[in-house]
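Features as listed in Swiss-Prot:
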- Asp12, Ser13, Tyr44, Gly45, Asn76, Thr77, Thr186, His187: substrate binding site (BINDING)
- Cys75: active site, proton donor/acceptor (ACT_SITE)
- Cys185: active site, proton donor/acceptor (ACT_SITE)
Amino acid sequence: MSSPLAPVGIFDSGVGGLTVARAIIDQLPDEDIVYVGDTGNGPYGPLTIPEVRAHALAIGDDLVGRGVKALVIACNTASAACLRDARERYDVPVVEVILPAVRRAVATTRNGRIGVIGTRATITSHAYQDAFAAARDTEITAVACPRFVDFVERGVTSGRQVLGLAEGYLEPLQRSGVDTLVLGCTHYPLLSGLIQLVMGDNVTLVSSAEETAKEVLRVLTERDILRPHDAPPATRLFEATGDPEAFMALAARFLGPALTGVQPVRPSGMH
């Protein structure tokens, strides 16, 4: 069994998973975390599922090898690509971002019409559609929004260009009358103001980040490995497989004082 003092490992293809890290810091402020942003290989959306799986498992191997007590796949595309493999491969709990968001969306919808937006890889994997299959009386409309990630990774979350892009992407969801919209990519909460503007106030946005943090709390509590309140102050280590300075410039926008620095990392399984 893992030590309660061990850190929680979190990874994503880039900065998007920091929305999950931020939610975990807010909900579990005593926990040590190690975050890896795979900016050297991301974004994952345009890659094939085998490519995503290889990159994700290399990072998972590295984090588990460093003794994390839980592994959070803070990326919808990676969750769709390698969740089953990761749970078979590692002896620590693996938390993903898809099912927590699906549960919240089902509990939230009033008319049963739920939208999902994500990367092309996530949408074509049918991971969300399959996760919703058990929910009765729901109609799912899934739309790929591949260029959203590019804008977020460049730090562009408002303006005429991204607004026009959002209007085009979201039009099928407006047509289908969804009342609940799952932000099926951890980058997308950074565009939530824009998305809400386009969809209107009658549509509820569901962030996988908030729901995933709640799931981490549940898992650590069930396994009795929550870090005690009287432990030394929490440490948060942020690493990037690409340029750490570029990562830090973007990450600082939504982590603020929680971000004290970014280290370069190259997991041994990566090519």
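Even glycines carry a Cβ here, placed using N, Cα and C.
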Local backbone state of Thr77 (substrate binding site), from DSSP in three classes: helix
Proximal but sequence-remote residues of the same chain as Cys185 (active site, proton donor/acceptor) (Cβ under 8 Å, at least 6 apart): Gly16, Gly45, Cys75, Asn76, Thr77, Ile117, Gly118, Thr119, Thr122, Cys145, Phe148, Val149, Ser208
Thr186 (substrate binding site): tally of other CB atoms within 10 A of its CB: 33
Which listed residue (Ser13, Asn76, Thr77) has most other Cβ within 10 Å, given these are binding-site residues: Asn76
Cβ neighbour count (within 10 Å, all chains shown) around Asp12 (substrate binding site): 32
Site diameter for substrate, Å, by largest Cα distance between Asp12, Ser13, Tyr44, Gly45, Asn76, Thr77, Thr186, His187: 12
Beyond the site residues Asp12, Ser13, Tyr44, Gly45, Asn76, Thr77, Thr186, His187: chain residues whose C-beta lies within 8 Å of the centroid, for substrate: Gly14, Gly16, Gly17, Gly42, Pro43, Cys75, Ala78, Thr119, Thr122, Val149, Cys185
Among Tyr44, Gly45, Cys75, which are recorded positions, the residue with the most C-beta atoms within 10 angstroms of its C-beta: Cys75
